[in-house]
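I have placed the structure first, in the form of structure tokens, so that the comments after it can refer back to it.
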Protein chains: 2
Amino acid sequence: MSLPQLSRYLPILDWGRRYDRAAFTGDAVAAVIVTIMLIPQSLAYALLAGLPPEAGIYASIAPILLYALFGTSRALAVGPVAVVSLMTATAVGGVAESGTAGYMAAALTLALLSGAMLLALGLFRLGFLANFLSHPVIAGFITASGILIAASQLHHILGIEGEGDTLPEIVAGLWAHIGETNPVTLALGVAATAFLYWVRGGLKPLLRRLGLGPRMADLGARTGPVVAIVATTLAVWGFDLGARGVAIVGEVPQSLPPLTLPSLSPALISELAVPALLISIIGFVESISVAQTLAARTRQRIDPDQELIGLGAANIGAAMTGGFPVTGGFSRSVVNYDAGAETPAAGAFTALGLALAALYLTPLIHFLPKATLAATIIVAVLSLVDLSILRRAWAFSRTDFAAVSVTILLTLLAGVEIGVMAGALTSILVHLYKTSRPHMAVVGRVPGTEHFRNVLRHDVETQPHVLSLRVDESLYFPNARFLEDRLAAFVAEKPELTDVVLMFPAVNEIDLSALESLEAINARLREAGIRLHLSEVKGPVMDRLKRCKLLEELTGEVFLSQHEAVCRLAEGRPSRPG
Amino acid sequence: MSLPQLSRYLPILDWGRRYDRAAFTGDAVAAVIVTIMLIPQSLAYALLAGLPPEAGIYASIAPILLYALFGTSRALAVGPVAVVSLMTATAVGGVAESGTAGYMAAALTLALLSGAMLLALGLFRLGFLANFLSHPVIAGFITASGILIAASQLHHILGIEGEGDTLPEIVAGLWAHIGETNPVTLALGVAATAFLYWVRGGLKPLLRRLGLGPRMADLGARTGPVVAIVATTLAVWGFDLGARGVAIVGEVPQSLPPLTLPSLSPALISELAVPALLISIIGFVESISVAQTLAARTRQRIDPDQELIGLGAANIGAAMTGGFPVTGGFSRSVVNYDAGAETPAAGAFTALGLALAALYLTPLIHFLPKATLAATIIVAVLSLVDLSILRRAWAFSRTDFAAVSVTILLTLLAGVEIGVMAGALTSILVHLYKTSRPHMAVVGRVPGTEHFRNVLRHDVETQPHVLSLRVDESLYFPNARFLEDRLAAFVAEKPELTDVVLMFPAVNEIDLSALESLEAINARLREAGIRLHLSEVKGPVMDRLKRCKLLEELTGEVFLSQHEAVCRLAEGRPSRPG
């Protein structure tokens, strides 16, 4: 394998050779900023996934390094993200109780399965499977997940018990325990939420007014979560709020990521296979769209199949080092890019920063209240909630609207797995329904020309014994039968018919089903005493037709142009070809 | 509701008013011949379905009458058919033991579910779902089912125990019991099979040589199974072969079809729902293709959605009268048509004939050996086996070949349900893969003309800073991302690019996913300092685009023709529209 070939699979061989001091400076600055942003996020998403906080930090180290080796995006920052963490909680919660060793082991297995699936999809170039999810379905799913995630964190703010994978379950859980609300936790949680909400909207303008440049103001505003964490941790420590019932993170091991071996029990694998596939696809879709958006700014190329390999390696890394499923996150990738990251080495430096945090900072977060992490999550995911997709889809088409509403409703009411599967199924059904009814037009000649147009829209000439039908789409199995039905209807309506001409100028492709439909149409028309002709057949389609008996058995002719067909059929009975 | 409207749902109102003596004669003659043919078939398919013989006769009475009321085909003969009977045996065998009351009850529930599904598909006009199964998949499935059915009957010929839903299971079952072969049964079975096989090929020419006309000779040859049944029944009775271990049909109740109420137990329904759906779709596909072939001969119209209603009513009828799932059978429908059936009344007379048989002929089949029925089935289904579909598919395209081989192999090795589902899934995956990679061509101007052609195939003029990409298919979610990927690749390759023109002459439709892809492409190209233009956008697509922000945000223009686009872009920076 030559170096260019090898660097296709190991992009580091390409950018690594050209690495210089300028790139190093950019990468190092970006890494510092992303590390500061990633520490609270990784702790919070571990909480959301139902895992101990250190799992979030571990899930941000090895995956970032592995993505830097295999991924194609220069700015993508890989790690725990909100939607995938929620899906992890749902999937793992289905097989084990949160807080148990079995739960942590299942999260590792889930990451391994997801990594293996992503890797397989990449190696077999099956990235197109992600197209199963249409944009509106993804938008609806992300919005509904945002609502679910925010709702699932409310109990931490209230300081009560809470559980459930669906909105009704979560609301019922909150209702049942609302009387046990801890006022101190509530005060802390509301304060943190309000502060973080203000940081999102108000801190950046304030920093600008204080004289910071737009980029620094933007980056300064990103430190909000760290400020909230430090302030609330100090408050809990200083006023001993733990004794007043405020739930805190507690003991966090002070170590580098451990080496872990995920369980490969067949029962566990079969229970987690479907969730792992859904997590893989959702994670991939989210990640690739961030990567492509950032790559466009610098005219870089993202290879979707290689991205699958990069994300697969990252997830396998997460599984082997005490993490859980990860993907490329939107906000941190944008921060990474804006802070000046030039190569995937920025990711490696971020991993270094997090490793240092795992070694030296963990004792400091002992008194960090869970309510602060919940506030971080709630404020972060509310930016995902965008119900305007419903209005857009309604304005655009009823079928897209149906797909979005089914996805949103089922995600909220039945959980993420059913929601996203139903959304994908709805998309595919709608797509198959549409493609099963290809556009066709009965055409006639525009007087005095050689042009043929739809008889319903134009004033054209036709002959009563000739039916000319223009097929405006490729013919394949979802629509082959529709052509049979339409022709059968015409034949039943028009007793004077002697010739049918199928015009194929827009037929780019034909499959065996459509070919057999054409053979059946030819045979049925023959029984009815009607000849079947073809016109304006494209080269590749003609090549296909030549591989089988249709052309021999065709009762009529194949005309180069529709004009030729109509002229010949007007003369009377056409001669048989060849 | 006016009469024409009503007669759409009750076609009998249409043909019934015009019924006359000539039609009556044709129908009555056809009914006699079909009845003679249907008695052995219905007994045999009941055996295949694992049910007592009378169930086959019952399944041929009410369903025929109900189809005559609601169906649109004049010649279709509804009743038990081989493939559906095999699928019934597999489905019901999964929930109950053959020969028990639970087994018979489950067969009724299966028929009811299948009928309700067909009815619902018809009422909601969802017949397009049958397009999920491509022709090659159906051909492969029917062939593999034929092999499975023939294999499943061998143990009756050998006079031994036998069971299994897959080829390996059936072969293992035969192997385990081969030592217990009953020589008398084997002799009878082989003789019956050989006779029936000869009847198929040799009796018709013989009858012609004896002076019969071609039509009479053909119909005479159809009586072969009755001859075999009478001869072997007499042999068993005359020589008391029952005492020599020949398995016989035994006691058959002498009565009209009973009124039965299928069980609606939720557990049973949930277990039978998927098989019922598969049976419905396979039955519908088989039936509609027969109906359309026969209707073409007389230029009649078959309404697929009304056919679903007709078949749904027939199956509900089967469920209420002691039957099992039914559909339109190929060979008996052809016989019905050839024998002169003019209206669905032929079916009603056939039902009358079978009712008489149920009342008066059942005592006569007491000594009918099961081996004869097995021989009838084997000879009938071998005509379904057509492995040439593999050769045809291979010659036509590798993807069609893959779909056929997967279907055949999995049907044989894992049974009918997995086989047909895997076939459908393969078809859909292959279809989605193909549509996810729409045909696109970079185009340039043919010198001296206003025509634009593929740069790879023609010697054309291009400008280095302009990329013109012609999209040859409608844009929707399965292929939207591919366009993004392709454009991202071009942008990465061509640093000199300033303008991209997407040519949409073949884009018939665009969905919200594709629109959002175009918006993302527009935004990404803007980041890269490249303008995006559109050209030759069709009216309906333009209407869609006007519903959203893309046209406002487009960095370039919408040109009526590609020629105009290239001229304007050659002049230099185009002005912004509006």
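The backbone N, Cα and C atoms fix where each Cβ goes, glycine too.
TrEMBL labels come from automatic prediction, so no person has curated them.
In TrEMBL, the feature transmembrane segment is placed on A:136-154, out of the ranges A:41-59, A:136-154, A:497-515. TrEMBL assigns the feature transmembrane segment to residues A:308-326, out of the candidate ranges A:61-79, A:80-98, A:308-326. Residues of the same chain lying 6 or more positions beyond the ends of the transmembrane segment (A:136-154) and with a Cβ under 8 Å from any Cβ of it are 48, 82-83, 86-87, 89, 162, 164, 166-167, 170-171, 174, 282, 285-286, 374-375, 377-378, 381-387, 389-390, 393, 400-401, 403-405, 407-409, 411-412, 416, 419-420, 423-424, 426-427.
Sequence-distant residue pairs (6 or more apart) of the transmembrane segment (A:174-199) and the transmembrane segment (A:272-296) include fewer than 3 whose Cβ atoms are under 8 Å, leaving the two stretches without contact. Remark: the transmembrane segment (A:372-390) contacts the transmembrane segment (A:219-239), by the rule of 3 or more CB pairs under 8 A. Sequence-distant contacts of the transmembrane segment (A:402-430) (same chain, six or more residues past either end, CB-CB distance under 8 Å): 83, 86-87, 90-91, 132-134, 136-137, 139-141, 143-145, 147-148, 165-168, 274-275, 278, 282, 389-390, 393. Here the domain 'STAS' (A:456-569) is broken down by DSSP into helix, strand and coil counts: 53 helix, 21 strand, 40 coil.
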